[in-house]
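If you look up TrEMBL, you'll see 18-215 marked as domain 'CWH43-like N-terminal'. Here TrEMBL flags 59-82, 103-126, 138-156, 201-221, 274-292 as transmembrane segment.
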C-alpha cells in the first residue's frame, strides 16, 4: 500500500488547524448573513445562538457541511499535535526531566480532542428545532470534552517548555541523538526550539483562560440561571409575518406551538449564553492557532530524514565523566 509523501503530510499538518478555524468562521459569518438578510426568527436575541442561525434552509446545509469539515480538520489537528508532543517528549523522558505519565496525558488529550469532534456533525444534522435533545447533548459532548482536552494539552505544553528551558546540553539533538541542524550553532538551535515551544504555550495559556470563562458562562452557569425554554406560539409566528405555511406546517409542533424557540421572556440570561457560546467558538479558533507554531520539520520529520541508514546511540546521555584516581 503506497504511503503519503512527507511533503503532503507536512502540508496536511499545517493546513488542518487553518482549515478548522477558517471553516468555522466562514460558516458562522455566512449563516449570520443569511439569518439577517432573510429575517429568520432566532428567538428574539440580538446575537443568536449559532444553532438557530443554521436551522433553516439554506443555512442548514452550510451549517452541516461547515461543521463536518471543521470536525475532520480538528480531529486531524489533535492527532498531529500528539505526534509533535511525542517527538519532543522523547528525550526529556529518557533523561528523567519529564515523567512518562506526561506522554500518557498527551495521548489521552489526543483521544478526547478527536472524539469530541463527533459532536459537531451530530449537532449540525440534528437541528435544534427538530431534534432538540440530540442536538443539545451533542453540543455538551463537544464542549465538555474539548474543555478537558484543552486543559490537558496546555499542561503538557507547559511541561515541554519547562524541560527545554532547563536543558543546557540537549538543544541541538533530536530524539535519535543526532544533530537536528548541523549547520546551526548549538546556542541558536536551542534558543529557536525554546522560543517555538514558549510561543505555543503562551498562546494556549491565554486562550485557555478566555475559553474557560466563556465555557462557564455558556454551560455550567448559563444552564443554572436560564429558565426553561419556551416555544413560539403559532399565533405569534403568524403575527410576526413569517408566513402561514412556515408557521402552521413547516415549523408546526402542535395545535398551538411551533418548533421555534422563544427566548424573549428570559432575554438577559439567554443573550448571555449566546454571547458566551460565541466566545467559546472564537477562543477555540484562537487556541488552534497555537498548533501552527509547531516545528514539525525540526522535531518530527527531519530526524527521520537525517538518520536514515545510521545507528544512533543514546548511551552517553546520562553517563558522567569520572576522573581516574591518582596513585601516590
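Glycine is treated like the rest: Cβ placed from N, Cα and C.
A Cβ distance under 8 Å defines the sequence-distant neighbours of the transmembrane segment (274-292), meaning residues of its chain 6+ beyond its ends; these are 14, 16-18, 20-21, 24-25, 28, 45, 47-50, 74, 77, 80-81, 143, 146, 150, 157, 199-200, 203-204, 206-208, 210-211, 213-218, 222. Per-residue pLDDT, averaged along the domain 'CWH43-like N-terminal' (18-215), amounts to 90 for this model. Note on the transmembrane segment (59-82): residues 12-13, 15-17, 19-20, 23-24, 26-27, 30-31, 34-35, 40, 53, 106-107, 109-110, 113-114, 117-118, 120-121, 123-125, 127, 149, 153, 288, 291, 294, 296 of its chain, located 6 or more positions outside it, place their CB under 8 angstroms from a CB of the stretch.
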